[in-house]
Structures are given as C-alpha cells and as structure tokens.
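As annotated by TrEMBL, NADP(+) binding site applies to Arg39, Arg45. Marked as FMN binding site by TrEMBL: Arg131, Ser132, Ser133, Asn255, Ala256, Gly300, Lys315, Pro316, Ile317, Pro318, Thr319, Arg341.
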Amino acid sequence: MRYTTAGESHGPEEIAIIEGIPAGLHITSEDVNQELARRQHAYGRGGRQLIEFDTVTFMSGVRHQMTIGSPITLNVHNDDHNNWTAIMAPDEPATPENTLRKVLRPRPGHADLIGGMKYRHQDDLRNVLERSSARETVMRVAVGAVAKKLLRELGIDVHGFVLSVGPVKGDAQVLTQYKSLAEVREVTEGFATRALDAQTDVQMQKLIDETKQNRDTVGGMVQVLATGVPAGLGSYVSADTKLDAKIARAIVGINAFKAVDFGEAFDHVQLFGSQVMDEILWNEEQGFYRASDNMGGFEGGMTTGEMIVVRGVVKPIPTLYQPMRSVDIDTHTEHRASIERSDTTAVTAAAVIAEHMVAIELAKAILDKFDTDNLERLQEQLAAYRTEIKNF
Ligand code: EPS
C-alpha cells in the first residue's frame, strides 16, 4: 500500500490517491467523514474550522460501498477557497490585484523562510505556506480512515488521545483503569481536549483559553495505542525494514511534531535494564506473552504482539498573534513576522492525525507481509499466521 496527497490550504481541493488496498473492503464516505470531523472539532482550533465542513468524495476505487482493488482517489473540498479564488488562481497571470496577500516576513518556527530559499520563492512566501500548512493533514486522516477500516476487519484497533497541553499533564496511570481500548476511546472522545480524565480536560481548556487571550500558542504530547497487532510485523534484518522506525518517521512527518518515543522511553532513560525489559511468559491460551509492555510493543523493529504505545511531542504553532522578530525578504530590514489566522493549539487535532498515521503504517506493514488482492484471503492468511505464532 502506498499513497500520496496534493492540495494547497486555500486551493480548491485536497486530494489523496491510495494504491494497494485489497478488494472487498466495505467503506462509505461516512466512515471517513467521522474521522475528518474528529480532526476538525478539537479544542483550541481557530476560525478556519468554522468555514470548513470536511467531507470526502470517492473519485475512484470504490463501487457500491466496496473497494474493487484499483487506486482509491479521495477528494475533500476547501470551502475557504471561495474567499481565495483570485489569489490562488492556477490559470491567471500574477497581477497586483491577485497577489495582494503576499507573505514577506517569515514566521520563526515555520517552513516560510527555508522553503522560500529552497524553491526561490523570492516574491511571495505564500507559495510555501499554502502547502506546508497543516490543512494537508485532512488527507492523511482520510487515508488513515481507510487504513483503520481495513485494520478493524483484521481485529486491530488504534486510538489516539492527548497526554499533555503545555504544563497541564494528565496522569497516564488512569489508563490502567480502562479495560479496553474501546473504553479509552469512549472516555477521551467525550472530552473536548481528548484528555484522559475530566479534571485534566477542564485544566487544559482553561490553559488553552488563557493562551488565546495572551495571543500565544501552546504545544503538548499525544499518545497512540494499538491493540490486536500480531507479533512479527516489521523486521530486524535491515534498518529500513524496522516498523518502529517507519512509525517514528510517520509521526515526526506530521506538521509541528518534534519527537517520538515508544513505550514511554523518555521516562525510562534514568532506569536500569532490569527495571525496563518486559519479562517473557507463556500459557496455553495465549502462547508467549509479556509481564509488562515497557518496549511499547516493539523489539528489534518488530511488533511483539503486545499493545503498541507511541507518544509524540507537538511544538506550539509558530503563527503568533504577537509576532516575534523577523526580517522582510524584500527589504532585508527587521520587522515582526507576518500574522496569519491560526489555531491556539493543534495538539487536540494532532492526536487524531497521529492515530491515523500509525494506522497507515500498520496497514502497510500487514499488506507488505500478506495478500493484497482480496480482503477475505488476507483475513485467512492472517488467521493462519496468528495460529502459527500462538503455537510457537
Ligand atoms: C494552518 C493555519 C490555519 C489552520 C490550518 C493550518 O489555516 P488558515 O490560515 O486558513 O486559518 O486552520 O488548518 C486547517 C485549515 C485544517 O483543516 O487543519 C497552518 O498554517 O498550518
């Protein structure tokens, strides 16, 4: 399975093409739209989300709500494009009127300056920010929604939520109270911030409100869990076959993500080996299993069969309503950076995006290992593999 996305933030459409999804998967636009809504309606988002009502259209690859094995094209309309038709016009020459909203003062922390240098966008850094905008993540979630639907048919569940916003941190120990990932989903999706508990949710909302009042932005940390993943996805044999490395790349590839860990490794750096390794146990019912999951579901770049535990660190959004110092690319004189409409925090949406990126990488890993033509055959092969692993 592979995919690509295209689209500018204020252009007419966002598009993705996915190849390699087996035939026979039941999928509807509603399956995708539900996930798109989760990404949109997150606490701390800005005015743009009042304009957009993200819904997907299947342009190919799906017939009568079933995948047919051909490339799947997904399309999401940018409603805000109506306000940008002249400025984003693909087929009109540049004029003083249609280049009004030029960006010449790059924002520290954003792709603006370096993107401009690299692509020689000397006249207008808008050419950078239109594509580097996190608007593009709408299509990663759309692709991830298809991946999640496939994984669900294979008994694999994936869910993301928010661990911290700025200094407000939930207690990850709360997780041990929940019996299943479905219960974690029910609880965290019930909170506007996707926090783990009600008290943290209130504190996070308060912090986000204060940050907005201060005309500032704030980052945080998200966590993604995946259950039902068979042991042995990925491989230890080469650096580029390690599945944890692929997931790390997928997470850090999300706009504003700066770090990733597995099994809460950032918290384990001060511990000794005897405190961290997951002891190996065996019983008739499960076969091999572990006494703990400090490795976050990975050993040697391969899944262990335990729950996958990934965390990602999201930096504060660089677009500030009280801009920092910058330099005008035209005059080379000092100015405050450009002010663009933006969100106060993207952490609450980032949890959904990270969840979908993990789903994409898990689906890819499964489709690398088993049949990719037809879902039923894939299910048969995976069931046989699970039995083999259990009987090892
Ligand atoms: C973004 C800036 C804002 C966000 C946008 C990402 O867009 P605008 O400049 O149009 O207000 O709302 O995110 C989305 C549109 C989205 O759907 O996630 C940025 O600069 O990255």
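Including glycine, each Cβ sits where the backbone N, Cα and C put it.
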Long-range Cβ list for Thr319 (FMN binding site), cut-off under 8 Å, min separation 6+ in sequence, same chain only, gives Arg107, His110, Thr217, Ile339, Glu340, Arg341, Ser342
Please list, in sequence order, those binding-site residues from Arg39, Arg131, Ser133, Ile317 with the Cβ less than 6 Å from ligand 1.
Ser133
Between Lys315 (FMN binding site) and Arg39 (NADP(+) binding site), how far is it from one CA atom to the other, in Å?
17
Taking Cα atoms as reference points, rank the binding-site residues Arg131, Ser133, Ala256, Ile317 by distance from Arg45 (NADP(+) binding site) and give the first.
Ile317
If I take the alpha carbons of Ile317 (FMN binding site) and Arg39 (NADP(+) binding site), what is the distance between them in whole Å?
16
Pairwise CA distance, Arg39 (NADP(+) binding site) versus Ser133 (FMN binding site), rounded so that it is a whole Å
15
Got a sec? Which of these binding-site residues, Arg39, Arg45, Arg131, Lys315, has the most Cβ atoms within 10 Å?
Arg39
Have a look around Ala256 (FMN binding site) and count the other CB atoms within 10 A of its CB, chains all included.
22
Most crowded position, judged by CB atoms within 10 A, among Ser133, Ile317 as binding-site residues
Ile317
